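Here is the structure we will look at, set down as structure tokens.
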Ligand code: AFP
């Protein structure tokens, strides 16, 4: 006995998330993301038993190496979103935007599998997604102010499989119950701590940083003897979803700035399907997100796969970084 995805029956044990917690018009989209996320979680948990998920299988639109799991995840989400009201589907793994349903009301952008370099070493990886109301064209639907987002979320595949999602009224946290296959609400309003004890940046790039970034990191490293008057710990997982979840949970600062390496003039992270959705989630939890100085949500993507320098976390730290950028 299945159920009509357009009008899920709240009593249906098959549902991957309680529709009562999701704005009615987005229930089919979010149900599809959760159902696919639960399925992907089971594949990831099998690791090598599910095949060579971390094997290189090609390159994406920007020349980044694609892993088998990147392609599998992209195919799963694309297929699951058909018939849910998504008109345009944009993915890190595909050069151009797909039209799934010409009558659909939504435009969804996703990094279907972020953190691919961690697949083979059993470190948390994730799916990131951003939803807009569909505009008259694919370009107009995604190349617009990040503040136009109507929903954003990530699914973290780690010791727990988690969904953090916002519809503009706070950031909610759900945990996948492996027994039922459903995501269960665990926090109805996440609160990113104002003060930070940890900072995150790929320290191996120090020699490529700009002076303000170096100054901020050196303040953190100076600890209680320095300008901060407190010691800071350091974390770098190399998986944006893992870092974001840690910072949403216990505060901190994340920086992936522009640096002097070739093609890193705008950092590494993608505006449309990584930076903008994470900025929405973080700000909805009381944190801040900038490109170093300007709020991310005030910025507009000019190209689908463009990169953007990204700083987010505890408000006082993000403010300090903007101050150092003068
Ligand atoms: P991959 O998906 O190629 O592993 O990149 C992950 C990521 O986009 C983001 O999740 C990390 O924060 C960042 O790159 C790590 O970048 P570095 O490898 O340069 O530290």
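Using the three backbone atoms N, Cα and C, a Cβ is placed for every residue, glycine included.
Any TrEMBL annotation is an automated prediction that lacks curation.
Annotated features, as they stand in TrEMBL:
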BINDING   92, 111, 113  Mg(2+) 1 binding site
BINDING   111, 114, 274  Mg(2+) 2 binding site
BINDING   114, 115, 116, 117, 202  substrate binding site
DOMAIN    26-187  domain 'Fructose-1-6-bisphosphatase class I N-terminal'
DOMAIN    192-325  domain 'Fructose-1-6-bisphosphatase class 1 C-terminal'
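Features as recorded by TrEMBL, highlighted on the structure.
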{"residue": "92", "record": "Mg(2+) 1 binding site", "DSSP (3 states)": "coil"}
{"residue": "111", "record": "Mg(2+) 1 binding site", "DSSP (3 states)": "strand"}
{"residue": "116", "record": "substrate binding site", "DSSP (3 states)": "helix"}
{"residue": "202", "record": "substrate binding site", "DSSP (3 states)": "coil"}
{"residue": "274", "record": "Mg(2+) 2 binding site", "DSSP (3 states)": "helix"}
Neighbour count (Cβ, 10 Å) for residue 116 (substrate binding site): 23
Listed binding-site residues with Cβ under 6 Å from ligand 1, out of 113, 116, 117, 202: 116, 117, 202
Same chain, 6+ residues apart, C-beta under 8 Å of the C-beta of residue 274 (Mg(2+) 2 binding site), given in sequence order: 92, 111, 114, 128, 240, 310
Remaining residues near the recorded substrate site, that is with C-beta within 8 Å of the centroid of the site residues 114, 115, 116, 117, 202: 118, 125, 238, 239, 240
Spatial neighbours, same chain, of residue 117 (substrate binding site) - Cβ under 8 Å, 6+ residues apart: 238
Other CB atoms, at most 10 A from the CB of residue 114 (Mg(2+) 2 binding site): 27
For the domain 'Fructose-1-6-bisphosphatase class 1 C-terminal' (192-325), the number of residues DSSP places in helix, strand and coil: 59 helix, 22 strand, 53 coil
Site with most surrounding Cβ atoms, counting all protein chains shown within 10 Å, from the binding-site residues 92, 113, 115, 202: 113
Additional residues surrounding Mg(2+) 1, by Cβ distance to the 92, 111, 113 centre under 8 Å: 70, 73, 74, 91, 93, 110, 112, 114, 116, 127, 128, 273, 274
Predicted model, mean pLDDT over the domain 'Fructose-1-6-bisphosphatase class 1 C-terminal' (192-325): 98
